[in-house]
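One structure is given here, and the rest of the page talks about it.
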There are 2 protein chains.
Amino acid sequence: MSTADTSDGFIDQVSWNGDGLVPAIAQDFKTGRILMMAWMNRESLAITASEGYAVYWSRSRNKLWRKGESSGHLQQVREIRLDCDGDTVLLLVEQQGGIACHTGRASCFFRLLADGEWQESQPVIKSPQAIYESPEL
Amino acid sequence: MSTADTSDGFIDQVSWNGDGLVPAIAQDFKTGRILMMAWMNRESLAITASEGYAVYWSRSRNKLWRKGESSGHLQQVREIRLDCDGDTVLLLVEQQGGIACHTGRASCFFRLLADGEWQESQPVIKSPQAIYESPEL
């Protein structure tokens, strides 16, 4: 179990929403590419800050989500930033395996609006089947 | 008044939350810097797509927020992207005036976690007083 302290002052300064969450954007530290957006609660931010790897809160599974725990695609955190009104977190990360998305793409933002349609614009680097059957952990 | 069509198929494909909103991240098209995170409803996304300038939904004012309408700091949209599960939008923009934040900084994410505290890490380019009294429009 983690012993991360959720009573730290920097955590109190975040404007948690009514569900106790904030959006957290993950950006590749080296390339600047935006990788994904997920959610954090107090505990996930505390653990992320103390351990140095991105931990989110899964709203669908209602539990802590240690990014990469099943895929091996951990995100080593280089910077944690907060916006002006304190209700969004930005993580600058080194994305292990170069894949952030569960679809096997580098980034979750692989759909581009063109001619009135969302068009896929990034290749699948590794199939989800290969990712989740053969984790790199 | 805008005539943007909110019944377009690409808008239906967005996973709007219970309040009819999605988070929208604005990233500088040239530098890759993340500028801000705001919210969009169907109408703001439709207008953004049709007019080519970022329009958000202000949750505090409960109205459309044409970014830059009072500051002059418009965001010309170069790309609109959607993530894998369709619940977050990413805008690649050219930030007019080089200032996205109402504090007069380039980005809203000017606070960096260091030594357990949020520390300011970006200069104020132009004071808010100067921005909002002398808009560049």
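Including glycine, each Cβ sits where the backbone N, Cα and C put it.
Keep in mind it's a predicted model, so treat the numbers as computed, not measured.
Among the features that TrEMBL reports, domain 'Phosphoribosyl-AMP cyclohydrolase' is placed at A:36-110.
Secondary structure from DSSP puts A:Asp83 (Mg(2+) binding site) in coil. Listed in sequence order, the residues of the same chain lying 6 or more apart from A:Asp83 (Mg(2+) binding site) and placing their CB within less than 8 Å of its CB are A:Val89, A:Leu90. Positions annotated as Mg(2+) binding site by TrEMBL: A:Asp83, A:Asp85, A:Asp87.
The Zn(2+) binding site feature in TrEMBL is assigned to A:Cys84, A:Cys101, A:Cys108. In the three-state DSSP assignment, the secondary structure recorded for A:Cys101 (Zn(2+) binding site) is coil.
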Relative to the Cβ position of A:Asp85 (Mg(2+) binding site), how many further Cβ atoms are located within 10 Å?
14
Fewest other CB within 10 angstroms, which one of the binding-site residues A:Cys84, A:Cys101, A:Cys108?
A:Cys84
Between the Cα atoms of A:Cys108 (Zn(2+) binding site) and A:Asp87 (Mg(2+) binding site), find the distance and write it as a whole number of Å.
21
